[in-house]
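Enquirer: In case it helps, Swiss-Prot gives these features for our protein:
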- Lys33: active site (ACT_SITE)
- 13-18, 100-103, 160-161, 184-186: ATP binding site (BINDING)
- Thr17, Glu100: Mg(2+) binding site (BINDING)
- Ser37: substrate binding site (BINDING)
Amino acid sequence: MNSRLIVTGTDTGIGKTVFSAALCHALGAVYWKPVQSGLEEETDSEIVARLAQASPQRILPEAWRLNTPASPHLSARLDGVEIRPEEMHIPATSLPLVIEGAGGLLVPLNDKTLFADLFAIWRIPAILCARAALGTINHTLLSLEAMRSRDIPVLGVAFISEANEDTETTIAHLGRVKRLGRLPLLDDLSPEKLHHSFARNFHIDDFAGVAR
């Protein structure tokens, strides 16, 4: 079955790319980052290729490659272009597909459209990546409300942080959302340790066979 999943987050730097790499490896999935902001350092596609140990055929080219590491709307403006969401079409593939957003859920693509608006059009099940640190209950519940107000299918929340049982349980209960698991912070972020950590902390059946 051809599975398609969106990986988004409550904030930038939340760990979406590392989680996406682990998920791609576990599912044998193709990875697509529609918008890449910042090209001087290792891009998210390059990080996923390295950590997922994915072949070049499983890393699809970005729809927009922008030079400045900033919000997509600003990065595009500095590059003298405008991101046109209507030109971003979901790639066809016979393999599972993991789509990673840029920054947080409500990051603007241009002066009219947020990433969440694009996800609402696509109607693909989304995984919300969140911390379990102080302040995350508010951030995560607000993100869930924003997703549901747009009828974005929510697969569940994936925590990427040190353990905080009360916070994780509270979010799952008040947010009426599935707690998919928690990816701990790894001192040695090698492909092998990442794959092992994901396998220990998540159930692959929660992700496999999701199709829209």
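Glycine too: its Cβ is placed from the backbone N, Cα and C atoms.
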Enquirer: In terms of DSSP three-state secondary structure, what is the assignment for Glu100 (ATP binding site)?
Expert: strand
Enquirer: Just jot down the residues in the same chain as Glu100 (ATP binding site), at least 6 apart in sequence, with C-beta under 8 A of its C-beta; none if empty.
Expert: Ile6, Val7, Thr8, Lys16, Thr17, Ser20, Tyr31, Trp32, Lys33, Asp44, Val48
Enquirer: Taking DSSP as the reference, which of helix, strand or coil describes Gly15 (ATP binding site)?
Expert: coil
Enquirer: DSSP three-state call for the residue listed as 'substrate binding site': helix, strand or coil?
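Expert: Reduced to three states, the DSSP call for the residue listed as 'substrate binding site' is strand.
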Enquirer: Looking only at Ala102, Ile160, Leu186, which of these binding-site residues has the biggest number of Cβ atoms within 10 Å around its Cβ?
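Expert: Answer by Cβ density within 10 Å: Ala102.
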Enquirer: Does DSSP give Leu186 (ATP binding site) helix, strand or coil?
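Expert: Its secondary structure by DSSP: coil.
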Enquirer: Roughly how many Å lie between the Cα atoms of Ser37 (substrate binding site) and Ala102 (ATP binding site), rounded to a whole value?
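Expert: Pair distance, Cα basis, whole Å: 8 Å.
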Enquirer: Given a 10 Å Cβ-Cβ cut-off, pick out the one of the binding-site residues Gly13, Gly15 that has the most other Cβ atoms nearby.
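Expert: Ranked by Cβ atoms within 10 Å, first place goes to Gly15.
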Enquirer: Looking at the binding-site residues Thr17, Ser37, which sits with the largest number of other Cβ atoms within 10 Å of its Cβ?
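Expert: Neighbour-count leader: Ser37.
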Enquirer: Mind giving me a neighbour count for Pro184 (ATP binding site)? Other Cβ atoms within 10 Å of its Cβ, every protein chain shown.
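Expert: Within a 10 Å radius of the Cβ of Pro184 (ATP binding site) lie 13 other Cβ atoms.
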Enquirer: If you draw a 10 Å sphere around the Cβ of Lys33 (active site), how many other Cβ atoms fall inside it, taking every protein chain shown into account?
Expert: 27
